[in-house]
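To start, the structure itself, in structure tokens.
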Amino acid sequence: MTVALHRATADDLPAMATTDGRAFGIDYSEQDLTDLRLILDPDRFVLARDGGGGEVVGVAGSFPFEITPPGGVPITAEGVTWVSVAATHRRRGILRSMMGELHSGYAGAGTPLAVLAASEGGIYGRFGYGVATASRDVEIDRARAVLRADVPDPAGVRFADTEEVRERVPAIHRRWCAVQPGALSRPPRWWEFALLDRPHQRRGGTSRFHLLHADGYVGYRLDSGVCRVVDFFAVTEEARLALWRVLLRMDLVRTITTEAVADDDPLRWLLTDARAVRTTGVADGVWARVLDTPAVLAARRYAVEVDVVLQVDDPDGYAGGRFRVRGGPDGAECAPTEAAADLCLDVPALGAVAFGGTRAHTLARAGRLSADAPEVLGRFDAACAADREPYAGTHF
Ligand SMILES: CC(C)(COP(=O)(O)OP(=O)(O)OC[C@H]1O[C@@H](n2cnc3c(N)ncnc32)[C@H](O)[C@@H]1OP(=O)(O)O)[C@@H](O)C(=O)NCCC(=O)NCCS
């Protein structure tokens, strides 16, 4: 049985949704397809068609994003999504051929990075992806979460309606992305889609309520005594504290749950009892696949001055080679070199270390990164650290 790859067209959306729905257990309605047209660019998708009947048996594509490296200039990234192969056609190389087609297209267009959220942890390492950010489930026992007496009350939070959110919040989100390593940008149509707030987006909770601050935003739903925070971003610590204060004041709410804050959110340190905030689950968040090593390593800033030669191993040939990275807190450059390598790592390890979420020391202990001299490893490790835990803030 032969299978051929094609670029999708707008007419293919129903067949794509059928394939996706069969894999992920989703019934897409006509309304869903209309909504999805807001955010899916068909020409960013490849379809695998069965050579016999011509039906769609595989789908993969991407959303256009930018992602913020530590301290640096946002990097253009394709966010790979909607990946599925029909159960009748699995394990015969269809995913591999679709990933090859997508990656060569991205590299050909000069896109330095691909990112994704993985359904299973065992799939994407072989395609060069490494875990760049973590995702955490946090649960707050509201009655126990008492702010310390010396914590200020900056105020400045009010409720907003959807129209005001549409007008004002995207700009706040862009400012947040600039200060948050690992943050994924949201194009305007992403907001359009999120703010449709259809019943299936609510998962049994209320519609989305909006808390607005000049420098921050919280979107939440109420669900039988639980406040589910679906979005939380603050450009300043003052805005963050003001938003937390309002959430913690919600009488009748027993528990606040969220995946929308990074593990290093300072809230625990503001409370009289840090145990009121519990991390109930930790998983991989965004996986990153470097396609252009100099572009990614020069876009970020380094915590301390570093001058190092990296040997990157990439069996697919996009990011591999030897590169000299020179950088510090004010800027960086990275270019191919013939000089001897100080450090060797594989391309998934590069994706993990590039955003500061995984330490070079940890990768070295796992044998995924090697260094001739311990002091070079120590310097690289210190240089790659970010001032905040990298965190994406957008699930796709
Ligand atoms: C995951 C999925 C897309 C794989 O498609 P496929 O066409 O069967 O994959 P391929 O035959 O191209 O496999 C390519 C490689 O990945 C491996 N692989 C595929 N699925 C895997 C899985 N779920 N776990 C671990 N390895 C997997 C294969 O063994 C093969 O390995 P190798 O070539 O290195 O020996 C398919 O099983 C699927 O649709 N699953 C349900 C939806 C899903 O989880 N999609 C991913 C969303 S992020």
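Using the three backbone atoms N, Cα and C, a Cβ is placed for every residue, glycine included.
The following features are taken from TrEMBL:
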ACT_SITE  TYR124  active site, proton donor
ACT_SITE  PHE396  active site, proton acceptor
BINDING   VAL83, SER84, VAL85, ARG91, ARG92, GLY93, ILE94, LEU95, ARG96, SER119, GLU120  acetyl-CoA binding site
DOMAIN    182-282  domain 'Eis-like acetyltransferase'
DOMAIN    294-391  domain 'Enhanced intracellular survival protein'
C-beta crowding around VAL85 (acetyl-CoA binding site), within 10 angstroms: 21
In sequence order, those recorded positions of GLU120, TYR124, PHE396 whose CB lies under 6 Å from ligand 1: GLU120
Distance, TYR124 (active site, proton donor) to ARG96 (acetyl-CoA binding site) (CA atoms, angstrom): 10
Neighbourhood of VAL83 (acetyl-CoA binding site), C-beta criterion under 8 angstroms, separation at least six: VAL59, ALA60, LEU95, MET98, LEU116, SER119
Active-site residues compared (TYR124, PHE396) - highest count of Cβ atoms within 10 Å: TYR124
Sequence-distant neighbours of ARG92 (acetyl-CoA binding site) in its chain (C-beta under 8 A, six or more apart): VAL3
Intrachain C-beta neighbours of ILE94 (acetyl-CoA binding site), sequence separation six or more, cut-off 8 angstroms: VAL3, ALA48, VAL57, GLY58, VAL85
Other C-beta atoms that fall within 10 angstroms of the C-beta of GLU120 (acetyl-CoA binding site): 6
In three-state DSSP terms, the structure that PHE396 (active site, proton acceptor) belongs to: coil
